[in-house]
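Just below is one structure, and these are the notes that go with it.
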Ligand SMILES: O=P(O)(O)OC[C@H]1O[C@](O)(CO)[C@@H](O)[C@@H]1O
């Protein structure tokens, strides 16, 4: 471990009081504040002072951030375990910047994909895409999982106030039959379009759901020509999509240089483009592009993704924090934590560095959270009073997408109050004085005060968006992408593969075979679980 890492850990062990830091420095809020693309980040309520912050900036300077970023932009295969470039930023380049890319075939593929998406969205909006019985399409089922689902599902939810699509959008991810079962019960095949979204076109959940939906069409009287009309795919495995029966004109491309969790900017964004219309979808890309420009040009001290990355590293490696809360004070952003979970945990939840050597320190945190204010009446108790230190990102959009002004003021008041309460806490003396002021006896106040006191000194960031529009959502998502990138660069790991998820997939095959009657022997726990499940299934068959 380098001397700098050791110094950081020593500094983190030194006592630090946020309360004192604020009272000693009236400029603290300005000192630790940065703007990017109209988004404001207040990071003053973090356990940092000038000395700690300087060390962190030094860590950034000594890290691979700048070099790796350059290699990513140049299209080098920085995802070296899969020999793939990492090119999702290309997908949000405006036309003029796209023209300047070196690789003419990439430019033309991106353009063609955009044109195809635009045309389909227009047809669906104009109701000129007719189903096999001659009626216009009214519903679209998006079949995908992980990066092929979480992005569009979250973004469609986040931007639902901008919905202008005559087509309702539904998502089918889980292999749990309940999902497609419920959809089939409520929709009509003749007015439903199915898009099978799978970069590999080999993901079991997606294939199974797609096969069940195809069977549903056939069972309802559709023929092969109808299937061809109603099924689309977005995939980089054109052959597998074609083998499934999807006609070439209905296949939107994906590329091996775009990771699944970074693919919302590609044809995986189709549901969002459909919901918003093409112009607003362009705004979504424009917001992300603006954040890219900020990330590529701002120096570390004023670079929002770098700042968020350094703070995360401080808590994970300096203070041993294992989790990070993501608390959007915005109902529409309630799926953001699930999206960032994949982005962060699948990217940086790794055990070895680029050379395959064990990493000397912990990496990605457990990301969790939900929309405020709901969490205040559930898990915030632990944030405030437990011994755990859980850094939290609070996200607020200033202007609401509704006219209930007073609701918005109350929501914002709670958001700011939570960060304030976490930061300043309440001493036992303050709690006791409060009890006495309420008329309690000295003895009762002394007994209750320790229960009411809060330690404070709990860190948080506040991100303030002007509003939750396509532009600012694009910028926000790119911000988190780049934060994760910077942390991967600091930890010197490959943020773009995900080999860890493969073992469970491999093991599920033989277990599935065993459930289908093939005799196999597993560990005793698995054997016992299989036997119990079989018992339940047989008894429900006989009932
Ligand atoms: O788009 P595909 O190939 O179906 O993959 C879906 C998801 O599965 C994963 O490979 C993990 O199993 C993710 O990385 C990916 O986003």
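Quick reminder: no glycine exception, Cβ is built from N, Cα and C everywhere.
Database features, via TrEMBL:
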ACT_SITE  346  active site, proton donor
ACT_SITE  377  active site
ACT_SITE  505  active site
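This view paints the features noted in TrEMBL onto the structure.
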residue	record	contacts (Cβ under 8 Å, 6+ apart)
346	active site, proton donor	146, 261, 498, 501
377	active site	none
505	active site	204
Request  = Determine, from DSSP, whether residue 346 (active site, proton donor) sits in helix, strand or coil.
outcome  = helix
